[in-house]
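J.: Would you mind keeping the following structure in view while I ask a few things?
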Amino acid sequence: MSIHIGAKEGQIAETILLPGDPLRAKFIAETFLENPVCYNEVRGMLGYTGTYKGKKISVQGTGMGVPSISIYVNELIRDYGVKNLIRVGTAGGMQEDIKVRDLVLAMSSHTDSAINKVRFNGLDFAPTASFKLLKAAYDTAVEKGYSPKVGSVFTADSFYNDNPEAWKQWAKFGTLAVEMETAALYTLAAKYGVNALTILTISDHLITAEETTSEERQTTFTKMMEVALDAAITL
């Protein structure tokens with residue numbers, strides 16, 4: 001048991017899916033896993049372990065933002081021995097050729113968070129995905145007939161920005177989407193020498209203003225869940 005996760009030793013698999021929304025964790029477990037067991041309810045951040053096509057898989061909610069996901073990723077790796085972490089989340093599209101409900105595989109992440117500035121004494125660190133997971137997810141998505149977008153994303157430290165046009169500078173440099181966790185996930189994976197990948201569904205669009213409901217975000221973005229799970233069983 002760690003400070004924020006109530007699981008006992010051996011209850012969490014080496015491969016884990018990380019949705020921000022704990023209710024999405026519950027949906028994934030109940031929809032896709034065989035014999036799911038809830039191992040965590042601390043602070044309402046639900047976590048489950050079951051099997052998917054014969055492989056032991058866990059799914060753990062992380063909450064929103066760099067500080068929250070950092071707590072769970074640190075404890076999952078350090079205290080429970082997790083080796084493969086796949087974030088399944090939502091993002092806002094920044095490019096015209098990316099549509100709502102498209103899949104995005106985050107190859108790398110920019111951020112305005114100061115967390116790595118502090119960690120690296122003011123220097124920059126480039127948080128990147130594990131190629132092993134990136135390739136597995138890309139191949140899986142293509143085999144399923146999907147057309148995933150692969151590229152950089154922007155990890156924002158705040159959801160509400162006083163400068164609503166700030167995202168346009170990132171878009172000019174080819175950034176695909178904005179979310180709030182990937183930079184932290186990739187940095188911690190590098191620190192501990194484990195594998196990490198973010199798979200995103202575009203839930204809203206900064207150019208077209210199209211958006212989805214909270215219920216849709218919770219229960220209908222199943223393509224990324226299937227890609228994550230089928231990629232996970234190849235590891």
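Glycine too: its Cβ is placed from the backbone N, Cα and C atoms.
Pasting the relevant annotations from Swiss-Prot:
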ACT_SITE  ASP204  active site, proton donor
BINDING   HIS4, GLU179, MET180, GLU181, SER203, ASP204  purine D-ribonucleoside binding site
BINDING   GLY20, ARG24, ARG43, ARG87, VAL88, GLY89, THR90  phosphate binding site
SITE      ARG217  site 'Important for catalytic activity'
J.: If one measures from the C-alpha of ARG217 (site 'Important for catalytic activity') to the C-alpha of SER203 (purine D-ribonucleoside binding site), what distance in angstrom results, rounded to a whole number?
T.: 7
J.: To the nearest whole angstrom, what is the C-alpha distance linking VAL88 (phosphate binding site) and ASP204 (active site, proton donor)?
T.: 15
J.: How long is the line from the C-alpha of SER203 (purine D-ribonucleoside binding site) to the C-alpha of THR90 (phosphate binding site), rounded to the nearest angstrom?
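T.: That comes out at 6 Å between the alpha carbons.
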J.: Using Cα coordinates, what distance in whole Å links GLU179 (purine D-ribonucleoside binding site) and ARG24 (phosphate binding site)?
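T.: Answer for this pair: 16 Å between alpha carbons.
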J.: Filter the recorded positions HIS4, MET180, GLU181, ASP204 down to the ones within 10 angstroms of ARG43 (phosphate binding site), Cα to Cα, kept in sequence order.
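T.: Hits: HIS4.
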J.: What is the one among the binding-site residues HIS4, ARG87 whose Cβ has the most other Cβ atoms less than or equal to 10 Å away?
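T.: Most Cβ neighbours within 10 Å: ARG87.
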J.: If we check Cα distances from ARG87 (phosphate binding site), which of the recorded positions HIS4, MET180, GLU181, ASP204 wins as closest?
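T.: When the Cα distances are compared, GLU181 comes out closest.
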J.: Round to a whole number and give the Cα-to-Cα distance in Å for the pair GLY20 (phosphate binding site) and ASP204 (active site, proton donor).
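T.: Cα-Cα, rounded: 16 Å.
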J.: Count the Cβ atoms, other than its own, that fall within 10 Å of the Cβ of ARG217 (site 'Important for catalytic activity'), considering every protein chain shown.
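T.: Here the count is 20.
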J.: According to DSSP, collapsed to three classes, what secondary structure does GLY89 (phosphate binding site) have?
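T.: Where GLY89 (phosphate binding site) sits, the three-state DSSP reduction gives strand.
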J.: Among all chains shown, work out which of the recorded positions GLU179, GLU181, ASP204 has the most CB atoms within 10 A of its CB.
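T.: Compared across GLU179, GLU181, ASP204, the most Cβ atoms within 10 Å surround GLU181.
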J.: When you tally the Cβ atoms that lie within 10 Å of each candidate's Cβ, which of the binding-site residues (GLY20, GLY89) has the highest tally?
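T.: Top count of Cβ atoms within 10 Å goes to GLY89.
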